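Structure, as structure tokens:
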Amino acid sequence: MRTISNVKNNAQLLKGRVDNISALGSEIKRNRGGVEATGIQVQKVNASLDHVRSQIWKLETGVKEANAQIQMLTRSWEAVNDLNAQIPELKRNLDKASSINAKVQGLQTSLENISKVLKQQNDILQMVSQGWKYFKGNFYYFSQVPKTWYSAQQFCVSRDSHLTSVASESEQEFLYKMAGGLFYWIGLTKAGSEGDWYWVDDTPFNKVQSARFWIPGKDTVR
């Protein structure tokens, strides 16, 4: 049988163990609070890491977009350089085109002039084929049918013409030659018996200058 002394000793031992256990429980509780605090800190750190990762992703995306823009600008710059390199050739081509255009315009002007000449020649041929005579840019028709001066003038008007004026010696010689010794009316008239002489085609009449064309004493051309 155990003695009371032994029981007391055992009781003391148990009490010491209980105290140790209580102290250990308190330490565990303190450590548990630290662990919980550490967990909260870890959560905050993880949240910060997530934010940093998000920022890094955004930066990487921005860098990729910037690189794409840089590549596009580089291609554009290369295209500009290519165009700049082509400018001298384009200028030479433009100069050639301008020279060719000037030549074309010159040829066009020549063709227009030729067309005018051909038209004039065609008009002359048509008029000549109808009996008209050509002299220095004018046409003359010598009718073989006798008419009064007025009838002769109306005959000319019906053909979009008029009785001729005589304004130069060369024209007078041409008319004299073509008349072949016959008498033809000319477009000289006057307003009434006392009026002034004038040409029906409005050619200025110079009495002194025209006097040499007249047969002395007659109102007819030499």
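Residue 1 is the first one shown; counting continues down the chain.
Any Cβ shown, glycine's included, is placed from N, Cα and C.
Mean pLDDT for the domain 'C-type lectin' (135-222) in the predicted structure: 83. Feature annotation from TrEMBL assigns domain 'C-type lectin' to 135-222.
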Residues in the domain 'C-type lectin' (135-222) grouped by DSSP into helix, strand and remaining coil: 28 helix, 12 strand, 48 coil
